[in-house]
Ligand SMILES: Nc1nc2c(c(=O)[nH]1)N[C@H]1C(S)=C(S)[C@@H](COP(=O)(O)O)O[C@H]1N2
Ligand SMILES: [Mo]
């Protein structure tokens, strides 16, 4: 056979100029190389998915690399993604990762035509990246998390090696043909068989992996189904009849769980088995550290409260705010039992850091949590156990604080520390250490660029200033005077409040602007700020054309 290099070609010296016809890759062949590459990528991901289904769904390369990407995304980009893709941001990210992978796989497939081993080595390199990402995720507890990426890459590398072999001339000892890297001389039948078999096997492996991943959460699903929430010792008063104005287009007063906004960094929603769940409370000034089971929590006195949650990434006029009836344990009581004192009573810890099963860390002021407000370890949302998306089995909810400094989902650890000693996840990424919710209001109807008929037009929406309460809402048409809106009945000062104004609309273009005043007398500022670092401020305006 003479001396052949790994690609099955005669010794080839890279710096020799490419005038030699033998070394040109015909477009048709390049396309087949690209196809091998894409098949390789597909096979590698499918095998990785299958192994991840057996090991841990979160250890799959796309989820792991996606998670690592989310953690490294600058605050401004994350905000941009939330703004433009909303809750689809995660889907967009994963599609982006797949697109990049497909592109590189395609290139590796072409490279492998000439440098067979390099092509396979490239695949292994991608596997190494996936393995590194998987094992360095905060929720990774075992080096086994590298397995999906490693096995996937090995399978892919092998497949590419074989496919590239089929595409290169079977025998270099046929010099009479000049053996160009062309459509001739390759193992057409072998390629088609291998490629088809690989594609079919990959599809099967991928599907099996998916169903394995899907069925892995069964214990958690069963544990959620078995939860019976005890009646709260301190139920919430019924929502006042007048709290919902029943004006079409205005958000429901109580947001149904299925409509509740979701913001988190989890590409795979953690499925926690409540029967195995434990919460640890420890740290500075904790005289009696505690480990609680889910049943321990349910046996305690439960309270039920309406609390409106808001995300710091909510733009003025944005959708990331929702109101639910939460059931849970009063966090301050639990902390007091552990011997924790707030800073105002000489306690050494001023920051409570909540950790979740997926490695999120969220820091809240101990003073706020213990100042008498209804800070909860919530187990129920609108009368049912927390949905998985919203933190099953247990999450925190603190009235008056943005979610990123209070509302840890899938919580499993509470550490008392100081703001000086520790910066949690979002703070490390440029967000504020402390972030009370800003007084805000939103016009829900009419919608921007609506074309209502001249006459009476209902302008209505919601306003919130959690834990201070809404005192007044005013609407301005164009540059006219501020007109006081009718306020719906208040549920509690921890909830949002609906408002409406019957506007005598005249033909033409108009700008509607709203502002709220909270119970401290603070008027919603017209000073526009970005969401970073501690929440957007400014006033919501809607432009309409009256016909
Ligand atoms: N474990 C975990 N908890 C989390 C987050 C997260 O990314 N991971 N995001 C927080 C943020 S920024 C907000 S606004 C609320 C949103 O809660 P929701 O998704 O139930 O609406 O959850 C908070 N709790
Ligand atoms: Mo948030």
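Backbone N, Cα and C atoms are what each Cβ position is placed from, and that goes for glycine too.
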Residues flagged as transmembrane segment in TrEMBL, choosing from 9-28, 29-48: 29-48
Annotated range (TrEMBL: transmembrane segment) out of 51-69, 70-88, 146-164: 146-164
Intrachain neighbours beyond the transmembrane segment (118-134), with Cβ under 8 angstroms and 6 or more residues off its ends: 6, 37, 40, 44, 48, 58-61, 64-65, 67-68, 101, 104-105, 108-109, 111-112, 140, 145-146, 148-150, 152-154, 156-158, 160-161, 164
Cβ-Cβ under 8 Å with the transmembrane segment (29-48): same-chain residues at least 6 beyond its ends: 60-62, 101-102, 104-113, 119, 123, 126-127, 130, 148-149, 151-153, 155-157, 159-160, 163-164, 167, 181-183, 186, 191, 195, 198-199, 201-206, 209
Mean of pLDDT values spanning the domain 'Oxidoreductase molybdopterin-binding' (268-421): 98
